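These notes are about the structure you will find just below.
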Amino acid sequence: MTPEIGQFALTLALAVAIVQSILPIVGASTGRVLWMESAKTTAVLQVTLVAIAFGALMRSFVVSDFTVRNVVENSHSLKPMIFKVAGTWGSHEGSLVLWTFILVLFGAGVALLGRNIPVGLKARTLSVQAWISVGFLSFMLFTSNPFERVFPPPLDGTDLNPLLQDIGLAMHPPLLYFGYVGFSIVFSFAVAALIEGRVDPAWARWVRPWTLTAWISLTAGIALGSWWAYYELGWGGWWFWDPVENASFMPWLLGTALLHSAIVTEKRDTFKSWTILLAILTFSLSLLGTFIVRSGILTSVHAFAVDPARGVYILGLLGVTIVGSLTLYAWRAPQLGSGGVFRPISREAGLLLNNLLLATATATVLFGTLYPLFVEAVTDEKISVGPPYFNATFIPFMLPLVIIMGIGPFLSWKRADLPGIWQRLRLVFGIAIGVAGIVWYLQTDGPLLAVVSIGIAAWVFVATLREWALRIKLFDLPLSQSLRRARNLPRAAHGMTLAHLGVAMLVLGFVGSTAWKEERVLFAEPGTTVEIAGFEVIFDGVERLRGPNYIAQQGQLRVLKDGREITLLRPERRNYPVAGTSTTESAIRSTLRGDLYVTISEPATEKASGQWNLRILYEPLVNWIWIGATMLVLGGSLSLSDRRLRVGAPSPKSRSSALQPAE
Amino acid sequence: MMKKILLAMPALVAVVLGGFLFWGLNPDRDPNAIPSALVSEPVPDFELPPVESTQTPGLSAAALRSIGEPVLVNVFASWCVPCRAEHAVLTRLVEQDGVRLMGINYMDKPADAANWLEELGNPYERIGSDSEGRVGIEWGISGVPETFVIDANGIVVYRYVGPIVTPEAQDEIRAALAAAGGQS
Amino acid sequence: MKSWLYSLVLMLAATTAAWAVEPDELLDDPVLESRARELSKQLRCVVCQNQDIDSSNAGVARTMRTLLRERLIAGETNDEIIAFFVDRYGDFVLFRPRLKPATYLLWFGPAVLFAVGIGVVFVTIRCRSRAVLDGTADPLSPDEEREFEAIFHENEGRRDP
């Protein structure tokens, strides 16, 4: 019965979405208030109905209802409960329900929380959002019904992929979707603004919290996925430039650009048509990602099961949404008008350069991801584009971006005073050079680029701190007064500082774990000692263990530093008999200086019988990647909690806000 | 005017991109398939010993070139499940169509391969044992089974990836053999 | 579709207990070994979904790694070794596409795009400031004028002694 309720709820949701896609927008153009306000009811109704469907599907997973095909294919009665729950969004169909749920959730969010948004803009925005949900609900009902029954029901489910039974991976899709589906509402705001033919600072301010919310979750989702790959896959790598990873990374890059350009629209009433374009493109890239993951058009390690009919439907959806909105853009953008003037050296210009670099970097990733397809279509030849390409082309755009990130916050609007800024950054520049020099002296074997990058990280870090100190007049005023100034500073300003410091940490982690990584790969018998990065690792042997649904071989390794035992590492090789697969469970000793990372497996050759294949890695500074990502998330959240941006709070109409530097 | 063109660019780019994506959805296209670099090249140089404890002689490039008529080279392994299904088809091609069939036993333990041939029968005229998979790389194979058609001059004229089981696949092989015979 | 399923079956079959590069494959010479690692990160495993041969546990990848190291010991250059694999598998095997007419757009596209972007930005900024000089754009309002001055003076005031 439950699955039927779910299916019925989805069908009803489609009907409601159709109503919402017509009534409010027609009401807005004919001035019927009641029609416009119907959006609130329909948006809430939609989210309730899709929530019912989502709940129904989850229940089928929790009780292991094997009359539902989706449960049969993606669950097993032996799975731990949490992974049964996570199985709800583990398949193509189930994840689509989650996708749609987040889509309507953002719609309802604007309907309920966006009290200060003018009724016309709100009505149009919600109608546009409903167009998207009509597309996805119909896609689900016509091609990917999650509630399809199977008869006769099998005794048990078929999927127990142990690699995916991990809490990091279970939480990864919801966060990721919350991020990139969240950009849908920003898209809807942009299309509504185009229809109205008006974009002003108020518009940018209304949209900002939604952009931030989406961006924060996307950041967290990507970081979580990367962390999972790091500890679970056993190579110690955290980014592989796989098409599916790129699919989530592209909206993040462009979303970051959007976040910055919207500030200029908000503070200076300029970059209007550019901000609108970014809003449209960011969500378009989210849609493209959905298409890449579900169409099987590219080779990837983690694509869903593939069905060309679905591919055609999503592509149609993509075509209507993206080409439609961009055509509207080409037609209406000239009416948005251009804003104020600024000098080539000004905060506007700085943010423009930031946007240009981010947009080009996005284009590079997009290009590299799709290029094999282009070549195949034109010349019928197959080529591959992999990490060496992305590293070679992406990094040259990122380093300048990080450099200007240090200067940007010092620039004033319209026209900045370069000599004055140099005065204030001289010392910072000296410190950065000094740090790079010390690193170069200590590490003679790494590539030069690594040393330069560390210098750049130091530059951003110190420059950001300096800017923050100047704002609160630290050292110029008594400490108590400075602290008071810090308290009075808008939270968004602290948010920016924290996020920019986070970027410095990210660079530190990227460089450390790539350039100075150490690795030992060896066959070991019990008693073997390995030296790595100043540690002595003693292999004591292997024990057989029995887990709930697996058999494991657990290695025992003692780690010594300066002759003293500091920790015991127990990597495992797990064999899951029901699923017929094995996984590698790494053991990691994490410190801020670096991770000692051990995996164990059986040797492939018979010559090494009685021995074990040990892989010991030392990844310097790798944890700073996740610390940096956390700081980005916290910085974003701090900015989101700013009183001036708080959803529903009345917007203060003070002139002074225009004087405050961007956050 | 310039500005109008500039503003229309995103839509144009999206349309072009969409065209490529639509092309990519073609269900006959397999994103994982790798085209062979070997087709219309001579047979690569190699020499493989026979599979231990079988009577079938080994295989080498010289042997392939000296046959003087079109021949089928099939790469197989006892651990490869689809090979089992293909085996019956290959046997029929040899017995009914008089096709000359050579084998490369890829990354297999000789004892397993010998058992496999014992159990299913041996349609191969010669079998080279490529237990380390090196010759497989020379042939540019991306998995097993794979089948090549060699013409009378020792030139690779056709490659089939995957098991030859469907009637269409068999027709393709026959056609390729016929074409190879016609040229010589 | 069928071929897709088939390749999946194949992959599972070819998977052994090995995990990426194995100890017995490593070379004693650290310089050669580091070249080997670098090269094997540029070569794509031909039976995997999207992996280099360095991290792949497929049998073919292991054989490719072994062949690569034998060629290094024999004194071949990186280019010669890459050419060896390209001769057998085509450009598909390269994760770093070679520079040739079909890849010009891939390699130069981003830089060209950036240059065009800079150009457009430059022209836009100049047009706007000229529009202001011509008086065709809105001049600064008195409020904005004051704000402008305020920023300017604030900067000067902030200048370090």
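Including glycine, each Cβ sits where the backbone N, Cα and C put it.
Feature list (source: TrEMBL):
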TRANSMEM  A:6-31  transmembrane segment
TRANSMEM  A:43-62  transmembrane segment
DOMAIN    A:89-295  domain 'Cytochrome c assembly protein'
TRANSMEM  A:96-114  transmembrane segment
TRANSMEM  A:175-195  transmembrane segment
TRANSMEM  A:207-229  transmembrane segment
TRANSMEM  A:249-265  transmembrane segment
TRANSMEM  A:277-305  transmembrane segment
TRANSMEM  A:311-331  transmembrane segment
DOMAIN    A:315-643  domain 'Cytochrome c-type biogenesis protein CcmF C-terminal'
TRANSMEM  A:352-374  transmembrane segment
TRANSMEM  A:394-413  transmembrane segment
TRANSMEM  A:448-465  transmembrane segment
TRANSMEM  A:492-516  transmembrane segment
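Long-range contacts of the transmembrane segment (A:448-465) within the same chain, counting only residues at least 6 positions beyond its ends with a Cβ under 8 Å from a Cβ of the stretch, are 395, 399, 402-403, 405-407, 409-410, 425, 428-429, 431-433, 435-436, 439-440, 497, 500-501, 503-505, 507-508, 510-511, 514-516. Nonlocal intrachain contacts for the transmembrane segment (A:311-331), taken as residues 6+ away from its ends with a CB within less than 8 angstroms of a stretch CB, comprise 131-132, 135-136, 139, 142-143, 187, 190-191, 194-195, 273, 276-277, 280, 284, 287-288, 290-291, 294-297.
Long-range neighbours of the transmembrane segment (A:352-374) within the same chain, counting only residues 6 or more positions beyond its ends whose Cβ lies under 8 Å from a Cβ of the stretch, are 241, 243, 246-247, 249-250, 253-254, 256-257, 260-261, 264, 271, 274, 278, 285, 292, 297-298, 382-385, 389-390, 393-394, 397-398, 400-401, 404-405, 408. Per-residue pLDDT, averaged over the domain 'Cytochrome c assembly protein' (A:89-295), rounds to 91.
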